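**Student:** Take this structure first; my questions come after.
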Amino acid sequence: AVIGRYKLSVQIGSSSPASLGTFVLLFNPWSSGDDVFMPNKAECEEYVLEEFGIIFAGNKNHISSFGWNFGQFQGDILNICLSIMDRSLYYRQDPVTDVSLRHDPRYLGRVLSAMVNANDDQGVVLGNWSGKYEGGKNPSSWTGSGEILQSWKKSGFKPVKYGQCWVFAAVLTTVLRCLGIPTRTITNFSSAHDADENLRVDEFYDADGNHLERGADSIWNFHVWNESWFTRKDLGPSYSGWQVLDATPQEQSGGIYQCGPASRYAIKEGEVDLDYDCPFVFAEVNADCMYWNYDSATGKKTLIFSKSTEIGVSISTKAVGRDDRVDVTSDYKYEEGSAKERDIFKKARKKLGLEDKFDPTAPTQEEAEQKPDISGKFKVAGSLEVGKDLNLLLVLENLQSDAKTVNVNMTAWSTLYTRRPINVIWKDSISVTLAPKEEKQFPIKIKYPEYQQQLTTDKTIQLTALCHVEDGIQVLVQRNITLDNPAIDIQVLGEAKVNKEVVVEVAFTNPINTEVKDCVLQVEGSDLLQGILELRIPPLKASEKSSTKFKLIPSEAGPKHLLVNFSCDKFADIKTFKTVNV
C-alpha cells in the first residue's frame, strides 16, 4: 500500500457511504513484511521514535558534537512531511505515477533527498556556503528541524534561508523518521567532493602557501549525510540494510540535485555501477588526494605530493540509546592501506572506465614517485579556544644525511568547514638550515586580536607551510584546526513533572578581557516547551558571569532533551544540551 492520508468511510446496505474520517498510513519497521522492517527493537526506538540526536562535526584531529531536536512527532510536522511529497518535481510532472510509487522507500528516499534542498523544486532549505548569511539565519544557529519545517510552510513554501550539510541531513532525518523509515545522520571526516568523477581530488597552492580556489574538487573537514534502512529488491538481499541518502546539493544526479539511495554494502565492495550515485559516495570516503603548486603567471602546475589515506576517516554516528559516538568507518571500507582496500579502489576505477583512459591532468610516474628530503608537521601546543591566543609548533625534520636549506612560507586563513578560504589571518616566512637527520621546532603564536575579526562562525583555521628545499622538491605542511567555544552550563532546579512548572538556570562566564554584547539565549526541546524560547541577556563585562532563569512545563514523561544556543557579538552559537528526566 502507498503511504499517505486515506479517507475512511462505511457503507451499510445500499445507503450512501458515511465518512468516518481520515487516517495516515506510514511505513512500519516493526512489521516483518515491511520493506523497512528492522528486527532490532532498540534500533527501531532510536531510528524512528527518538526525537533527539547528536551530530558530529569539527575535524579528524578534533571531533566535536552538538545536539539536534528532530521533533518528528511535534505539532504540524506530519502534515508538512506529507505536503513535501506533493510539492516534488516528480509529483508535479506525473502525479499518478508518483503516488503509485509511494509504497517504495527507495523511491521516496530519492525524492525527499531532492525536496529537502531548495535547488530545482523550491524545496525546504536553501544552501549557502559563502560565509555571508544576510537575509536569513546562519546555518550554525539552528538547533532543530521543527522551526525550519514550520517556516517553510508558513511562508507559503518558500525555501528557508540558510542551510549547510548537517541542516539538510537533520531535516531529512526528521521527515523520514516521521514517515516510519529508520534513519540516522552520518558524519564523514576529511570528506571528498569529487566533481569530475575521477576518484581524485586536486588541491592547489601558490608559492606563498595560500590555498587557491581552483577547480571544482574540494575536501571538507567534515560532511554529514543520512543512512536509511530498507530492502533493495532491485539489487538483491546482500545490498539491503543501510542506504546512503544525501540532501546536500553538491552534484546533479538525473538532472537534479538528489543523491542516493546508494547501498552501503555496494560502496564497501566498490560496486560503483549500481544505483544510485555510488561513484560520488564512493569518492567521498575513498578518493585519492593530489596537492599541487600552481603558478598563476605561467599556468604551470607541479605536484607537491599525493596521498591515498587522507579521505574518509572516523565516520561517525550516534550510539543506539546512548549519547556516545560510534565509529562506522569499517562499514564503508576495508582497512586503509590494506591490500583489500587498494583492490576495491582499483575495481571501482575499472568500473568507471578510468583504468584505460589517459588522464592528462594526472601526475607523471616521475612526479608520483619522487621522495621529499624533509618532512614537516604542525603540532598544537595548548588549548584551541575562541578568545585565547593560539600556540602551535612547526616541526621540520631532515630525512637526508646531508644538510638542507629550506625557505618556508607560512599562512593562516580563516575558512568555512568546507575549507573554503575566507580571510587571511597571518603570514610569515623563515629560512632554516637543517643539519643531517636534524629535527627543529619553530613556535607560532597567533594572538586573539589578530584572528578575532577574521574568524568565521565555523571557527576553523587552515595553517599552511610551503617549504622550498634548495635543490629538492617542495614539501607542503598543512593542518586544519577547529577552535572550541567557551562552555555554558545548564541546571534544572528541582524535579521535572508532567504539566508542572520547573525552573532551569543557564550560566555563562565571559572568558575574554573585553565586554560582550548582543547576547541572546535560544532554548528548545520536544515535550519540554512549545516552539523556541528566545531570551535577551544584558552585556557582560570582562570575566563577568551571567545567570538566566526560565520556566518549563513538560508535557510528557520520560527522558527529554533541552537544547540551548547562546550567541553574542564575540562568540557565535555556543551550544549545549541537557537530559531532563520528566
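Every residue, even glycine, has its Cβ placed from backbone N, Cα and C.
Automatic, uncurated: that is what TrEMBL annotation is.
Straight from TrEMBL, here's the annotation block:
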- 157-249: domain 'Transglutaminase-like' (DOMAIN)
- Cys165: active site (ACT_SITE)
- His223: active site (ACT_SITE)
- Asp246: active site (ACT_SITE)
- Asn286, Asp288, Glu336, Glu341: Ca(2+) binding site (BINDING)
**Student:** Give the residue from the recorded positions Asp246, Asp288, Glu341 that has the most other Cβ atoms within 10 Å of its Cβ, counting over every protein chain displayed.
**Tutor:** Asp246
**Student:** Using the Cβ centroid of Asn286, Asp288, Glu336, Glu341 as the reference point for the Ca(2+) site, which residues of the same chain not in that list have Cβ within 8 Å?
**Tutor:** Val285, Ser308, Thr309, Ile311, Gly312, Lys333, Gly337, Arg342, Phe345
**Student:** Cα-Cα separation of Asp246 (active site) and His223 (active site), in Å?
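**Tutor:** Between the alpha carbons of Asp246 (active site) and His223 (active site) there are 10 Å.
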**Student:** Quick check for you: of the recorded positions His223, Asn286, Asp288, Glu336, Glu341, which have their Cα within 10 Å of the Cα of Cys165 (active site)?
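**Tutor:** Those near Cys165 (active site) - Cα within 10 Å - are His223, in sequence order.
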**Student:** Write out how many residues of the domain 'Transglutaminase-like' (157-249) are helix, how many strand and how many coil, based on DSSP.
**Tutor:** 17 helix, 41 strand, 35 coil
**Student:** Can you grab the distance from Glu336 (Ca(2+) binding site) over to His223 (active site)? Cα atoms, rounded to a whole Å.
**Tutor:** 19
**Student:** What is the separation, in Å, between the Cα atoms of Glu341 (Ca(2+) binding site) and His223 (active site)?
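**Tutor:** Between the alpha carbons of Glu341 (Ca(2+) binding site) and His223 (active site) there are 22 Å.
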**Student:** Compute the average pLDDT of the predicted model within the domain 'Transglutaminase-like' (157-249).
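**Tutor:** Mean pLDDT for the domain 'Transglutaminase-like' (157-249): 95.
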**Student:** Whole-number Å only: compute the distance from the Cα of His223 (active site) to the Cα of Asp288 (Ca(2+) binding site).
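**Tutor:** One finds 17 Å between the Cα atoms of these residues.
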